[in-house]
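Participant: The FMN binding site feature in TrEMBL is assigned to GLY10, ALA11, SER12, THR37, SER88, MET89, LYS90, THR91, ARG123. The dimethylallyl phosphate binding site annotation in TrEMBL covers TYR154, LYS170. According to TrEMBL, the domain 'Flavoprotein' annotation covers 2-174.
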Amino acid sequence: MKKLVVGISGASGIPLAVRLLKELKKQPDVETHLVMTRGAEMTLHQETPYSLKEICDMADVVYDNHNLGASIASGTFQNDGMIVIPCSMKTIAGIAHGYSDNLLLRACDVMIKEKRKLILVARESPLSTIHLDNLSYLSKLSGVVIMPPMLTYYQLPQSIDDLEIHIVGKILSQFGIELEDFKRWK
Ligand SMILES: Cc1cc2nc3c(=O)[nH]c(=O)nc-3n(C[C@H](O)[C@H](O)[C@H](O)COP(=O)(O)O)c2cc1C
């Protein structure tokens, strides 16, 4: 059984997190551990028709972002890595500077100190020098992968759904999870 920690922060792109959780739900051998920031809760209502409860129901285990005593705050909790999707520039700054004042940030801190895989689906536009410096620093750390949710056209998308599945498919490929609808370049 793979255990993946999923963090959702308050950047635009909550539908990508929804899609990721839905795809992981279809994987019988993956257990998802979800933590959401307050910013994510606000953006969720702005960008999707889902309630907080509906999102939480898509995960196997859900944590309160204020609970710094939760299992994912410790390196002794065994898991296969973490995805922060979408990842705001505030959360990027917190991760880059080890400023772990909420559970999502602490879980990222743990991934880095344990040298586990940490995928950051960082989203902002335009990116400032501060954002780029933080992203550049993080990209040099073992296990950290910066994967902004960039649009791709080579798979000839017909819908937003097609664009989203390509982004989510690429992210999950990092963990060896292959989605049925993910079209690789041949
Ligand atoms: C509708 C909406 C969209 C936002 N989009 C972004 C974004 O794409 N990138 C970003 O860095 N911040 C974005 N923000 C701002 C963050 O939500 C804000 O900086 C927040 O403090 C992030 O905190 P968190 O990382 O703890 O969720 C957005 C806010 C709102 C309300």
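Glycine is no exception: its Cβ is also placed from the backbone N, Cα and C atoms.
Predicted automatically and left uncurated, TrEMBL annotations should be read as such.
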Participant: Within 10 Å of its Cβ, which one of these binding-site residues (LYS90, ARG123) has the largest number of other Cβ atoms?
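Facilitator: Its Cβ has the most other Cβ atoms within 10 Å: ARG123.
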Participant: Run through GLY10, SER12, LYS90, ARG123 for me and report the binding-site residues whose CA is within 10 Å of the CA of TYR154 (dimethylallyl phosphate binding site), in sequence order.
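Facilitator: Taking GLY10, SER12, LYS90, ARG123 one by one, none has a Cα falling within 10 Å of TYR154 (dimethylallyl phosphate binding site).
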Participant: Out of GLY10, SER88, LYS90, LYS170, which binding-site residues have CB atoms lying under 6 Å from ligand 1?
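Facilitator: Near the molecule: GLY10, SER88, LYS90.
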Participant: What whole-number value in Å do you get for the largest C-alpha pair distance within GLY10, ALA11, SER12, THR37, SER88, MET89, LYS90, THR91, ARG123, the residues recorded as binding FMN?
Facilitator: 15
Participant: Test of understanding: give the count of other CB atoms lying within 10 angstroms of the CB of TYR154 (dimethylallyl phosphate binding site).
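Facilitator: For TYR154 (dimethylallyl phosphate binding site), the 10 Å Cβ neighbour count is 8.
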Participant: Quick check for the class: what is the C-alpha distance, in angstrom and rounded, between ARG123 (FMN binding site) and LYS170 (dimethylallyl phosphate binding site)?
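Facilitator: With distance taken Cα to Cα, LYS170 (dimethylallyl phosphate binding site) is 16 Å from ARG123 (FMN binding site).
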Participant: Quick one: which residues besides GLY10, ALA11, SER12, THR37, SER88, MET89, LYS90, THR91, ARG123 have a Cβ within 8 Å of the FMN site's Cβ centroid, in sequence order?
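Facilitator: Result: SER9, GLY39, ALA40, THR43, PRO86, CYS87, ILE92, GLU124.
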Participant: What average pLDDT is reported by the model for the domain 'Flavoprotein' (2-174)?
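Facilitator: The predicted confidence over the domain 'Flavoprotein' (2-174), as a mean pLDDT, is 97.
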Participant: Can you name the residues of this chain that are 6 or more positions from SER88 (FMN binding site) yet have a C-beta less than 8 Å from its C-beta?
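Facilitator: Within the chain, SER88 (FMN binding site) has Cβ neighbours under 8 Å at SER9, GLY10, ALA11, THR37, GLY39, ARG123, GLU124.
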